[in-house]
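The block underneath contains the structure these notes are about, expressed in structure tokens.
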Amino acid sequence: MSDPIVKISGLNKWYGDFHVLRDIDLAVEKGERIVICGPSGSGKSTLIRCINALEEFQEGEIVVDGIALGPNLKHIDAVRREVGMVFQSFNLFPHLTVLENCTLAPIWVRNIPKKDAEINAMKFLERVKIPHQANKFPGQMSGGQQQRVAIARALTMNPKVMLFDEPTSALDPEMVKEVLDTMVDLAEEGMTMLVVTHEMGFAREVANRVVFMDAGQIIEANTPNEFFAAPQHARTKLFLSQILR
Amino acid sequence: MSDIASSSFVRRDLLTERPAPVKTTGFVGLMRTRLFNSPTNILLTIVGALLLWFTIVPSVRFLMVDAVWSGKDRTACLAENAGFAVGACWPYIQAKLPQLIYGFYPEAERWRVNLTFILAVALLVPLLVPRLPAKGLNASLFFFAFPVVAFFLLHGGGIKGFGLSWTAGLLELFDDSIIGAGQAVLGLSKTSAVAPLLWVVGNFIVLVGTAISWLILPLTWLRDQIQGAGQSVWADFAVTTAVVSLIAFGLGGGLRTGWRALASSIAAFAAIAVVIKLMGLDRGGLPVVTTNLWGGLLVTLVVSVTGIVTSLPIGIALALGRRSSIPLIRIFSIAFIEFWRGVPLITVLFFATYMLPLFLPGNFTVDGLVRALIGIALFTGAYQAENVRGGLAAIPRGQGEAAAALGLSWWKTTSLIVLPQGLRHVIPNLVNSFISLFKDTSLVSIVALFDLLGSLRASFSDPKWSTPSTAFTGFAFAGIIYFIFCFGMSRYSLFVEHRLNAHRRN
């Protein structure tokens, strides 16, 4: 087996005195899809935000594609270039059109000429099925469309890993599916994905592994079949009984 | 919509779209529904009408109906000669107009002021109309080339050297001040209790100064050589062009991609050369008109345009500094903003004009107008900083996080994501400060600068035009001028706001 593309070892994080992440160890292989679930406040969002250094941490190490990110956050920019992120609240840039949202980072971070960046961005907008909206502003689109643009925007940087922080939680029920479909397509193309979500259907269909977190620690990690059919830990059983009725 | 009361309902035919009902209210309808529809509204309508009657009618009477439109001196504007109660005395404004626009600027040189005004309009109007192309070139001409040209046009005078000798001179001044400080410390060491320490420190500073003077020796030597030869300006110009172009070439990417940078650098210097030649700057330039002769609208516009253009960058820098995570920058920004906001503008102007010279080294003088300009720019900058900070605070944290997650650095996140959004939020506040600055320029008249209002008041003392309505006419005229500029800014800001906030409309 090759080296894992994301390797988290001994990760500890405190907010003031509050110990949010406790001794997290997690290795993600290339092409692996991991779904992280757990009750709110369990630290799952904080964990994936640590991977691209949106959060600092006090102890431990994260290695992304051979680039080590220690507590002093030295290689932030190098890591962020390899990791794409999709947020719960989309965080599109409202003053820029959809196309400009998707070309900003390639132009200003990768120094790609504007023409090439636009051609490339259109390719990704076609993949998320909204090429005809390229000149609209994000505020003129539905939540599901915005989230798909956000996915396209992250993909324009050719990331090796994609992080999804509850990508469907802020959407109307009717729009959840279109975003999940996009994510399934992405998974089928072999993208390495870490997804924080409550969509257990997605976990069953797509994930290689489901990681259950509570109180800042990993309680249980297993293949979806095992995880849903035969949860081991009492806390996991309780959680699953709450959400799968 | 009939059987909705029964508990089950299934629509069989979807409703088709209908046009909205037509509004049927005409003038009478408006009167009935909006102006006279309740006792309170009837009362408010009557009060409003009376207010209009008592303000507009007398103004129109004063400015137009009862006004005197022609005459040679005060006699035309006296009631006994005109035959009626005289309102505005417009011939007085006509006679004093040059003074109100140019102040004491020599009559033979006034074409220079006019040319500056024309240049300003010619550069500003295309900048303000969004449809016109080449905004980048236009902006750099207006913000960088125009101020220099305007200075040599309005003030006059020429140049003795160029980039090389200026750099050399600046470095020399810097070095001299270091050595001076070292010698001052050495002087102190003779009497102080901690003499040995001061002696060491003083000698060290002098040593550093001497080292620097050796370091810049090639530069000063070259400067002296150029000064010694004839055509010193052009020799210096050529050297500067070569050096700057080479640097641009190197930074632009050298042999592979640097040619564009090289070409634009040479083009810029060629343009500068044309300007120098046209204005004869190498041969002493235009006759000098010192700033104490400037006045009227000229001073008002110079002060306000400089203030507006410089205060916004100052404000943005301070606002970013105030949000910085580096304590030194944050504390400096807070202290700076709070100091300037806590002091009245009049105090700032007095301080800049009468006390600053006491603190500066003896041979170092700053022009009176420039001192007022700096004071006003810093004062307004502090206010703009707080306006900008309000806009920055309105940007959700997620915007910065999304930009960071894409790999954008702090500078790029700030300039591409945070500032463009933040500034759009606060356009009304920024323009509010600009308008307030425009009117506050009238305060410079208390530090012996004759702006529009100052020139106006000076003109009141002319016995040739002293009539009962002179002062009223003058103030009415000044009021109209101020109003035109301020209302123009206000309307333009609405236009910009509407245009830049296109993304917020659905």
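Quick reminder: no glycine exception, Cβ is built from N, Cα and C everywhere.
Among the features that TrEMBL reports, transmembrane segment is placed at B:42-63 (among others). Outside the transmembrane segment (B:42-63) by six or more residues, the chain places 35-36, 87-88, 472, 476 with a CB less than 8 A from a CB of the stretch.
Long-range contacts of the transmembrane segment (B:113-129) within the same chain: residues 101-102, 105, 135, 138-139, 141-142, 146, 149-150, 153-154, 298, 301, 305, 492, each at least 6 residues beyond the stretch ends and with a Cβ under 8 Å from a Cβ of the stretch. The annotation transmembrane segment is assigned in TrEMBL to B:113-129 (among others).
The transmembrane segment annotation in TrEMBL covers B:141-159 (among others). Outside the transmembrane segment (B:141-159), and at least 6 residues removed from its termini, the chain residues within Cβ reach (under 8 Å) are 109, 112-113, 115-116, 119-120, 123-124, 127, 233, 271, 275-276, 279-291, 294, 298, 302, 306, 309.
Taken from TrEMBL, the feature transmembrane segment applies to B:197-217 (among others). Below 8 angstroms of C-beta separation, residues 168, 171-172, 174-176, 178-179, 181-189 of the same chain, each at least six residues beyond the ends of the transmembrane segment (B:197-217), sit close to that stretch.
What TrEMBL lists as transmembrane segment is B:237-255 (among others).
Residues or ranges marked as transmembrane segment by TrEMBL: B:262-281 (among others). Within the same chain, residues 145, 149, 152-153, 158-159, 233, 237, 240-241, 244-245, 248-249, 252 sit at least 6 positions outside the transmembrane segment (B:262-281) and bring their C-beta atoms closer than 8 Å to a C-beta of that stretch.
Within its own chain, the transmembrane segment (B:293-320) has Cβ neighbours under 8 Å at 99-106, 113, 117, 120, 143, 147, 154, 333, 336-337, 369, 372-373, 376-378, 380-389, 392, 414, 419, 423, 430, 433-434, 437-438, 441-442, 444, 449-455, 481, counting only residues six or more beyond its boundaries. Feature annotation from TrEMBL assigns transmembrane segment to B:293-320 (among others).
Taken from TrEMBL, the feature domain 'ABC transmembrane type-1' covers B:297-493.
The annotation transmembrane segment is assigned in TrEMBL to B:332-356 (among others). Here the transmembrane segment (B:332-356) has Cβ contacts under 8 Å with residues 318-319, 321-322, 324, 366, 368, 371-372, 374-376, 378-379, 381-383, 385-386, 440, 443-444, 446-448 of the same chain, all six or more residues outside its ends.
Positions annotated as transmembrane segment by TrEMBL: B:472-495 (among others).
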